[in-house]
Amino acid sequence: ATSRLLVNYQEPYRSQILDYLFKPNFGASLHILKVEIGGDGQSTDGTEPSHMHYENDENYFRGYEWWLMKEAKKRNPKIKLIGLPWTFPGWIGRGENWPYDYPDVTAYYVVSWILGAKQYHNLDIDYIGIWNERAFNSKYIKLLRYTLDKHGLQQVRIIASDRLWEPISFVLLLDSELHEVVDVIGAHYPGTKTVPNALLTKKKLWSSEDYSTFNDEVGAGCWARILNQNYVNGNMTSTIAWNLVASYYEELPFGRCGLMTAQEPWSGHYKVEAPIWITAHTTQFTQPGWSYLQVDGHLEGGGSFVALTDGLGNLTIIIETMTHNHSQCIRPPLPHYSVTPQRATFYLKGSFYMVETLQVWHSRLSFESGKSILFQQLHPVKVGKGIFSLDLKVDEVYTLTTLKTGKKCGCPEPPPPHPFPSNYKDDFNIRNPPFSEAPNFADQTGVFEYFINASDPGDHVFTLRQVVVQRPVTWVSDADQTISIIGNFQWINLTVTCDIYIEKQHDGGVFIAGRVDNGGIYVRQTKGIFFWVFADGTYRITGDLAGKEVLMKGLAGVRDNAWHTLTLNIQGSSASGLLNGYPLWDNVTISKPSNGWAAIGTRSFEFAQFDNFHVEA
């Protein structure tokens with residue numbers, strides 16, 4: 001759920017960000033885009049909506065992944081697309097938190113996503129995964145292959161198991177039927193190493209999720225090192241960074257762990273971080289279908305190199321000399337090693353003996369002066385009788401290539417950063433919204449979608465509705481309540497007003513909240529000031545989302561299937577609340593949290609509607 005805020009950037013900024021990511025010979029020139037198959041559950045920094053909330057429901061226009069894949073393909077028709085589920089809608093598990101009890105149902109669900117991508121968006125999915133970082137099931141994988149083939153999707157390849165090298169590699173060696181249907185072994189955060197069983201399978205080996213590191217110069221060093229060493233040490237021919245672009249509230253888990261940063265759609269500000277240009281060293285001078293040359297890529301003074309060819313005479317060599325302390329990734333721990341300045345001599349043989357000059361692109365990451373050199377073209381290197389030498393300093397990346405197509409493009413400077421507007425309103429009155437979700441709301445449990453209330457006489461035709469009514473097959477511990485956050489995490493004093501409509505009779509309930517301090521994988525522990533009203537006519541003020549820390553309670557007279565207006569006012573160490581414009585409670589003393597987002601949500605997985613949201617901070 002990391003591209004959440006990208007979608008509501010205004011033009012031209014949104015297109016500039018997408019150009020830096022996907023446009024060939026411009027910036028990162030990415031070769032692969034891997035997206036989440038939304039399952040209505042929390043997947044790290046939020047929930048992504050499923051194409052099938054309920055068993056009899058299909059909609060291929062929810063969320064932002066369809067849009068993102070189309071924008072990527074528009075810029076680079078050759079980009080490879082991968083889909084992978086983190087969570088599944090509750091009906092898939094038939095009441096169990098497990099997607100494999102009815103493998104035919106799960107296979108049908110995943111294949112329908114692939115078919116929908118083609119039918120509604122003309123997108124061809126190249127690879128499909130099993131279940132992110134969770135158990136795989138051999139019977140399910142075989143059934144998935146069968147279901148793909150049955151629907152004419154022979155070209156879609158299967159990647160497994162997006163976790164560790166084992167047990168998938170061992171099982172592939174034991175089960176010849178499974179060996180036949182799995183095309184790629186994908187491991188996460190392999191630390192540039194593989195295992196003997198994985199090599200014995202003779203399958204393509206990928207680091208199918210890696211990086212996940214804060215995108216400063218150290219993050220760039222991490223990325224430079226693993227892009228080379230995943231092949232040099234681990235025979236991996238693809239490395240996929242989580243995440244593409246940091247377009248989620250920075251205080252959510254793993255803030256700014258993207259290749260670039262675009263977390264301010266309200267200001268238009270974004271930042272092209274160093275990892276973008278490190279990526280370019282590889283992606284602008286190779287393509288899917290190129291082959292790694294089987295050379296020992298370790299340099300004598302430390303660091304590494306890889307060499308690739310298109311088989312048509314082109315050659316690209318990428319060299320990195322990242323030092324230990326300047327290239328640590330978030331995981332796994334990096335054993336100590338040393339790198340020293342060195343002179344490296346390369347010998348080109350066979351068909352490359354005839355190469356006379358190589359284009360040179362250079363980066364040097366600087367950790368003292370803060371003045372890094374990023375992706376700069378230098379004078380070509382002359383090759384004599386197949387031999388050339390380079391003087392390498394530490395923390396550098398070089399690309400030497402026969403290709404002359406490299407480019408470092410720049411857009412005009414984006415607008416300066418600006419905090420979230422301190423006075424923000426949304427009445428959700430939009431007839432044909434470009435996306436299913438309202439701007440800036442970041443769902444953390446449940447899914448909140450634009451809704452048209454055909455039966456409403458007038459004031460509340462267009463609303464925002466919570467639509468997940470059964471606990472999903474979860475990936476982490478989603479809350480038992482639904483919640484969507486919005487605004488500025490630094491907010492202290494604020495007034496939140498929202499019209500609310502409880503749909504669930506007897507025990508339904510909704511809340512508005514301020515100073516909300518948590519989300520993502522930690523959503524169950526969320527604290528804040530929560531103002532709840534329930535269908536039984538009662539209200540509560542709690543200091544937590546779980547509703548355990550009750551600060552005040554009483555009678556409100558709210559009922560289900562009627563509109564009411566809630567107002568929550570938080571000033572310093574005191575909070576008060578209004579119902580339909582009249583004071584309901586006041587002088588509730590609050591100690592912590594001292595700041596946080598605004599939020600809306602429901603008591604359980606239940607239908608409820610919200611309208612005329614307004615926050616003033």
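Cβ coordinates come from backbone N, Cα and C, glycine included.
The model shown is predicted, which means the values in this text are computed figures rather than measured ones.
Residues or ranges marked as domain 'Glycosyl hydrolase family 59 catalytic' in TrEMBL: 1-284.
Per TrEMBL, active site, proton donor/acceptor is recorded for E133. E133 (active site, proton donor/acceptor): 14 other CB atoms within 10 A of its CB, across all protein chains.
Per TrEMBL, active site, nucleophile is recorded for E209. Non-local neighbourhood of E209 (active site, nucleophile): K34, N132, D162, G186, H188, Y189, I240, W242, each in the same chain, at least six residues away, with C-beta under 8 Å from its C-beta.
The domain 'Glycosyl hydrolase family 59 central' feature in TrEMBL is assigned to 292-406.
Summarising the annotation, TrEMBL assigns domain 'Glycosyl hydrolase family 59 C-terminal lectin' to 443-617.
Each residue in the domain 'Glycosyl hydrolase family 59 catalytic' (1-284) has a pLDDT score, and their mean in this model is 98. Sorting each residue of the domain 'Glycosyl hydrolase family 59 central' (292-406) by its DSSP state yields 8 helix, 51 strand, 56 coil.
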